[in-house]
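Peer 1: I'd like to ask some things about the structure below.
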Amino acid sequence: MGLFVLILVGYAFILTGSVFGKSYLFEVPVWEKGCLSLSFSVLLDNVSMIFVGTVLLISGSVATYCKWYMAEDLYYSRFTSLVWLFVMSMMLMILVPNLVMLLIGWDGLGLTSFLLVAYYQNNKSLSAAMLTALTNRIGDVLVLFSVSIFLSEGSWLIYTYYPVQTWINLGFMVVFAGMTKSAQMPFCAWLPAAMAAPTPVSSLVHSSTLVTAGVYLVLRSFYIISFDPFAMQVLMLLSLFTLMLAGSSAVFAFDLKKVIALSTLSQLSLMMFSISIFLPFVSFFHLVTHAVFKALLFLGAGGLIHMNQSIQDVRSLSSLWQKLPVSMGAMSVAIVSLSGAPFMSGFFSKDLIIELSMMDSSITYGCYLLELLGLIFTSFYSARIVFSVMLGSNYTNNNSLRAHEHWHMQAPFLSLGIGAVLLGVVLSSKMEVFSFVVVLESGEMLMIFLIPFVGLILWWKLLSSLASSPWLLVKASGFFLSMWFMESLTSHPVKTSFFKGSGAVFQTLDQGWLEVLGPQGVYVGLAKISYANEIIQKNYFTYQLVVWGLVMGAGIGLTIFM
């Protein structure tokens, strides 16, 4: 009952925020010294209220889902405690505009995500958790640099703040801090690896919390980063390349959770691209709608994986529409919204980004091409999930024709499904910052409308061409499954450098000076002393005889010659 109330409170916050026209800043002084002061601040405006409502809605739905999914887990109470600590860290990240206090939520997300990704405590989970933690530490360092720069501002407020002095490096640091948290190129290797966490955690992490924290920081700090045109250009190029990378890799991935994770990465890239073309509120609109339908898609995928002996390979899943009709219905709603089908939530935010980018004369044709290709890949891998997992047939034996779907599983589908269908139209009609007049030619409008269908046609053509050329299939799969070798180029050198550094320290200190001056040196010294003592004791009587002979000889000599 409490979780149901939490879901209702989430929807209430979203609706209230959509008509909320004022901003309130609450400050409690914590420390003052000279001209510097530190206070705990809370910012309440329409953006923070809508995002808090979204987090409450998704966390309430995921917590309800966990009662079924994690029911047999021995450490269920510890798991739920970590999840709620994770949610509280995200709430601090959303509400606190103070850069110093924001670090509590920022680092809290990093710590709790490490513990949740490593929850199963096997080699895969531990390596993925370490990769996630080390990548996010780069963003933590950049935020600390931003704190040091803000010392000259006389204030620590960064959300919706106009800086007194224009610092060239500040916008660059904030942008790259957000890129590490939101897994943009070249920091994108950790996001698919974080799929080692339990599926409800993946639903929470990859929809509205950890990965969106970077986007939220960048769009809330938009007035600061807009002063740095170089940072905006870098953000645009890297977000477009990440959009292409994630979409093309998802087409060839076989792990269902990895496909959805790469889908999240592509949508995050679209949000970052929207910010780079000076559309922060449109980016936030897509962030909210994407959070709801992506959480729904993850929960639906978790249900079918859980009921199929934890099989995640899409080649081993087929005809699940008959076995799990409610889960497949929820996934269908999420996939249709993800593809940007008309009148779904994803349509209102996603198409708005495409249309407004086409109206921007500063964007080159190369950027248009990358954007459209990246978005075509969305319907490409969406069609692959539908036709292989839901409607396809293979030689896998289904142990039942119809599985029982618990109400703890169906209730989150209903709560999130409503948002996936209606949230876009409600927010676009209520909020003035989401309303734009779009003027495009008929050819451009037709191009946007045909994006999902072009993806379907390309999926069919590529499937038939690769089936006739096994060599091309092997080569293409190797390239795209490694995310354009981005995992090898970014994560592996970092891990290798750490291993080599620790090996050098081990040889120099543990096997070097510490051994010479410490236990090993003491051991060698005592051994030498013991050996000398052994020799002396072994030849004791010989030494005594020799000494006695020398003394007697000397005495006899003195007696004779004296």
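Quick reminder: no glycine exception, Cβ is built from N, Cα and C everywhere.
Remember, it's a predicted structure, so these values are computed and weren't measured experimentally.
Pulled these from TrEMBL:
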type: DOMAIN; residues: 36-79; note: domain 'NADH-Ubiquinone oxidoreductase (complex I) chain 5 N-terminal'
type: TRANSMEM; residues: 37-63; note: transmembrane segment
type: TRANSMEM; residues: 75-94; note: transmembrane segment
type: DOMAIN; residues: 98-364; note: domain 'NADH:quinone oxidoreductase/Mrp antiporter transmembrane'
type: TRANSMEM; residues: 203-224; note: transmembrane segment
type: TRANSMEM; residues: 230-252; note: transmembrane segment
type: TRANSMEM; residues: 259-278; note: transmembrane segment
type: TRANSMEM; residues: 284-305; note: transmembrane segment
type: TRANSMEM; residues: 326-348; note: transmembrane segment
type: TRANSMEM; residues: 368-387; note: transmembrane segment
type: DOMAIN; residues: 381-552; note: domain 'NADH dehydrogenase subunit 5 C-terminal'
type: TRANSMEM; residues: 407-427; note: transmembrane segment
type: TRANSMEM; residues: 433-460; note: transmembrane segment
type: TRANSMEM; residues: 472-490; note: transmembrane segment
type: TRANSMEM; residues: 540-561; note: transmembrane segment
Peer 1: Against the transmembrane segment (326-348), which of these stretches has the most C-beta pairs under 8 Å: 37-63, 75-94, 230-252, 259-278, 368-387?
Peer 2: 368-387
Peer 1: Counting Cβ pairs under 8 Å that sit 6 or more residues apart, are there three or more between the transmembrane segment (259-278) and the transmembrane segment (203-224)?
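Peer 2: By the criterion, they touch.
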Peer 1: Taking the transmembrane segment (284-305) as the first stretch and the transmembrane segment (203-224) as the second, find out whether 3 or more Cβ pairs fall under 8 Å, excluding pairs closer than 6 in sequence.
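Peer 2: They are in contact.
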Peer 1: Cβ pairs under 8 Å only, please: of the recorded stretches 75-94, 230-252, 368-387, 407-427, 540-561, which one is richest in them relative to the transmembrane segment (203-224)?
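Peer 2: Top-ranked stretch among 75-94, 230-252, 368-387, 407-427, 540-561: 75-94.
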Peer 1: Tell me whether the transmembrane segment (37-63) sits in contact with the transmembrane segment (368-387), defined here as at least 3 Cβ pairs under 8 Å among residues 6 or more apart in sequence.
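Peer 2: Not in contact, no.
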Peer 1: How many helix, strand and coil residues does the domain 'NADH-Ubiquinone oxidoreductase (complex I) chain 5 N-terminal' (36-79) contain under DSSP?
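Peer 2: Helix, strand and coil residues of the domain 'NADH-Ubiquinone oxidoreductase (complex I) chain 5 N-terminal' (36-79) number 28 helix, 9 strand, 7 coil.
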Peer 1: Please average pLDDT over the domain 'NADH-Ubiquinone oxidoreductase (complex I) chain 5 N-terminal' (36-79) for the predicted structure.
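Peer 2: Its mean pLDDT is 83.
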Peer 1: By a Cβ-Cβ criterion of under 8 Å, what residues six or more beyond either terminus of the transmembrane segment (230-252) are in contact with it?
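Peer 2: Contacts with the transmembrane segment (230-252): 171-172, 175, 179, 183-186, 188, 218, 258-259, 262-263, 265-266, 268-270, 272-273, 275-278, 367, 370-371, 373-378, 380-381, 384, 459, 462, 476-477, 480-481, 483-484, 486.
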